[in-house]
Amino acid sequence: MDLVMLIKAAILGLVEGITEFLPISSTGHLIIAGSLLDFLDEQKRDVFVIVIQLGAILAVCWEYRRRLTDVVAGLGSDPQSWKFVTNLLIAFLPAVVLGLTFGKAIKAHLFSPVPVATAFIVGGLVILWAERRRHPIRVREVDEMTWVDALKIGLAQCFALIPGTSRSGATIIGGLFFGLSRKAATEFSFFLAIPTLTAASLYDLYKNRALLDGDMSGLMAVGFVVSFLSALVAVRGLIRYISRHDFTVFAWYRIAFGLVVLATAWSGLVSWSA
């Protein structure tokens, strides 16, 4: 197998793992990185991304395995477990409905570097604005959330259908707006990623099953493992980071990165492809 392709697979796995749970948009980074690296054709690259995304999902499941095991064990008798699962389901549904309705149109028109870069900048400005507002904390732990809180965050997640917006960014910043603590908003975003990303990945994998190629198995394995390990580091690091800091640094990163992409596109320095 081509060593260069394996290195590219590892790079994309690293990009997915690091960016999936940070408020900087994994989809946006993968679109830009995939275009820059010229990795596979567009359809095969899409299948590869689906597989490495599952690695990131597995990482958050592993990190919160005790909590998830307790929830499953408590479904027969613990009302709090049912409340937790119900809140996840309520938050999960809005993106499903809008994704199935508008997913094809969004992919056709917005899945290219320049629209993604624009979304990076807009999202960064929103985070800066959100961090400068006062947010009275009403919910300090995920278990204190009501179904209304879950629905609001689910609606916020719908903005992430626009590539470059960031699913974690939309849900975390939305949670802050709605009165959740940084810890509660971030952890609920992690938990919400499990059904949301799993459903999206399996649905896309089923639609593209004809493209599954045994020749890609090595690339997928490398990308999956790197994605899992880097996502594990990112999840643990973000929880530590937010205990002492806000999200301003991510906002400035988004703005700077978006401006660089737009500048290289407009100057002709980089010929971005879809």
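The count begins at 1 with the first shown residue.
Including glycine, each Cβ sits where the backbone N, Cα and C put it.
According to Swiss-Prot, the protein carries these features:
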type: TRANSMEM; residues: 47-64; note: transmembrane segment
type: TRANSMEM; residues: 82-102; note: transmembrane segment
type: TRANSMEM; residues: 110-130; note: transmembrane segment
type: TRANSMEM; residues: 185-205; note: transmembrane segment
type: TRANSMEM; residues: 219-239; note: transmembrane segment
type: TRANSMEM; residues: 249-269; note: transmembrane segment
Okay, the transmembrane segment (219-239) and the transmembrane segment (82-102): do they have at least three CB pairs under 8 Å, pairs separated by 6 or more?
no
Close approaches to the transmembrane segment (249-269) from elsewhere in its chain (Cβ under 8 angstroms; 6 or more beyond its ends):
22-25, 32, 113-114, 116-121, 123-125, 127-128, 131, 164, 169
Please give the sequence-distant neighbours of the transmembrane segment (219-239): residues at least 6 beyond its ends with Cβ less than 8 Å from one of its Cβ atoms.
1, 5-6, 9-10, 12-14, 16-22, 40, 48, 51-56, 58-60, 62-63, 183, 186-187, 190
